[in-house]
Amino acid sequence: MRILIANDDGVTAPGIAALYDALADHADCVVIAPDQDKSGASSSLTLERPLHPQRLDNGFISLNGTPTDCVHLGLNGLLEELPDMVVSGINLGANLGDDVLYSGTVAAAIEGRFLKGPAFAFSLVSRLTDNLPTAMHFARLLVSAHERLAVPPRTVLNVNIPNLPLDRVRGIQLTRLGHRARAAAPVKVVNPRGKEGYWIAAAGDAEDGGPGTDFHAVMQGYVSITPLQLDRTFHEAFGGLDEWLGGLT
């Protein structure tokens, strides 16, 4: 099995090295990742300048682009052999609920949707590395068992691992995405020359985080697995829209 590994924290981030170490004994792994932190890049592509891959001493490929650029380039010409699946992470920080709309970690996995295997996005619910071994364990466990998984084509599995030692994790739960409340207001700053600027503030707290959600699972000490689909069509709105459009003609 051949796996393309990517992330959004950057090619030198500890999480991607941990993911490679977790999977390299079970698969032929190649790493293509951004040359700097691209958290929050979502599915953006770089279109205004060329991309320049650079192979590092450890064999990883660094790219001056986004997480989606990395996977897109890997699947469309940079790699001589097409991988079987894309695995993204291990992100240091949660990708729960609405986070998936902004996450470069999830976006990198989504870009691997055309491959025959399901794509995985792994996130440790912490900015610290103490419990990276826990995330490594579950990444190895889930990816190595993917061939027994029967899911529709183009399924992306968003996996969040609680910030706990392995012996304190209570198990794995299948979940839906929760929802966050509105984010905090951007923080206004003024530089010494009087020019105003803004820092994006923290994401909102869980507004819909009850039982069955990814938020609830990790808070209770479980690994959360949420299957994501790419059809963003809001089918339940069709009836109201049909009636509305009928009144316009």
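Using N, Cα and C of the backbone, Cβ positions are placed for all residues, glycine too.
Values in this document were obtained by computation on a predicted structure and should not be read as measured data.
Swiss-Prot names Asp8, Asp9, Ser39 as divalent metal cation ligands; from the candidate set Asn64, Asn76, Asn91, Asn95, the record adds Asn91 to that same site. The Cβ of Asp9 has fewer other Cβ atoms within 10 Å than any other of the binding-site residues Asp8, Asp9.
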